[in-house]
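The structure appears right after this line, and notes come after that.
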Ligand code: KIV
Ligand code: ZN
């Protein structure tokens, strides 16, 4: 194994909880944000961007609590280029052992036009706001939003101003995923060469994936001298997302021969984080996604299988264990006991308390009765499922029978507990899922837009569990729900009801639209 201790260190800045959570529908609860932040901290992420404190009370509370709890990571919050945002951000991050204020403004012609600032006025604003942030906090990051479409001369000018005003990290975002690797490298090189004081700060890259080049662009920037990569777990983020943490970290590890840079990431924690983020954000990972996709280590063709059996390196450039995937996939049988289940879950990176273990054990036994083989992925789906259904939920699915087949109409008989009181109804629909969802609507009338309904098989075989993800929207509030069951219709109804329960929680806590980040990025003043 290569000794990377003497290699330049690349700061890994994770923005899953800010840019990632900004993707419509990926909103996480307070507890989920704390859990993800805890896992990122344990994994060795250098900087966690925990949220956008001015965006909502919820964001502020999450950033403050994450700041209080962080053991190792620097905790950062985002703020626009105005004193109010920066003060609010500081109020939230100041609790951290190592706080950072991140402030940004759009510097390209398109972005300058919106707040209608001249080049000079914007330069002045940058000087004032970075100075203000630096008076509050020693660690200040400044971002030139849409840097890759900003005139070079102007970019050099404003970067120099930010450095002189005290910024310690200069972030050069490719906000719209427009750049390409060579250009990304040239831009960083140009800034390092031309801007006075550039050698005294860390240059950072923040690449969006609109053209599928985010990871390549980030790595090219590092080769040119950037020393911070902003990324998210599973590449979550606005539109097509951001550079994926697992991709940049594993690329630096596996191709350390040509990219000799070190990170502080414990890569064995990657798979667990990826699964947790997929569950809590409601954004499942595509099967063929690099590193963390379900197929990333599967070999299907005969030639590949044969090669791997003879020498695993023929078709594998990294070992699954490196990212925390256990080699042994057949997990547990009907006769396995509690101790074996606890040990297995520990191996999968899930630590369970006694009550959680008892609950999982009951559900595992029920599954083992229905399914011949219970795989690691089945167990993880069970854990995620129990995480998403709480005893205090307003709506709880008690019983469901569905009649379907070639002769319609399809029918669903549903018993739903609403605030603990059981109600039953029969409904019909255009297919069994529609019938079952109609039954929910009749028992608990509501008007929501169903934005996404997605079914995945957890493992292979006709007895596989299905995981269902549902995303709904009501007055700008978005809620996602998930569930897993060997019966696809049961999983569908539970996922739908889970999304409704989350919506009910949000109705209680927020005003319409609060879940969608309505902070106006143009409001720099
Ligand atoms: O994409 C972007 O430019 C951003 C900034 C706020 C850093 O997310
Ligand atoms: Zn971004």
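Glycine residues also receive a Cβ, built from the backbone N, Cα and C atoms like all the rest.
Around residue 242 (Mn(2+) binding site), the same-chain residues at least 6 positions away in sequence with a Cβ under 8 Å from its Cβ are 15, 19, 20, 206, 207, 208, 209, 214, 230, 231, 232, 235, 236. Per TrEMBL, the feature Mn(2+) binding site maps to 19, 206, 208, 242.
The domain 'Pyruvate carboxyltransferase' annotation in TrEMBL covers 10-271.
Restricting the average to the region 'Regulatory domain' (396-525) gives a pLDDT of 84. Feature annotation from TrEMBL assigns region 'Regulatory domain' to 396-525.
Sorting the binding-site residues 206, 208 by the number of other Cβ atoms within 10 Å puts 206 first. Here the Cβ of residue 19 (Mn(2+) binding site) has 23 other Cβ atoms within 10 Å, regardless of which shown protein chain they belong to. Listed in chain order, the extra residues whose Cβ falls within 8 Å of the Cβ center of the Mn(2+) site residues 19, 206, 208, 242 are 15, 173, 174, 175, 207, 209, 214, 230, 231, 232, 237, 238, 241, 243.
The residues of the region 'Regulatory domain' (396-525), classed with DSSP into helix (H, G, I), strand (E, B) and coil, number 34 helix, 53 strand, 43 coil.
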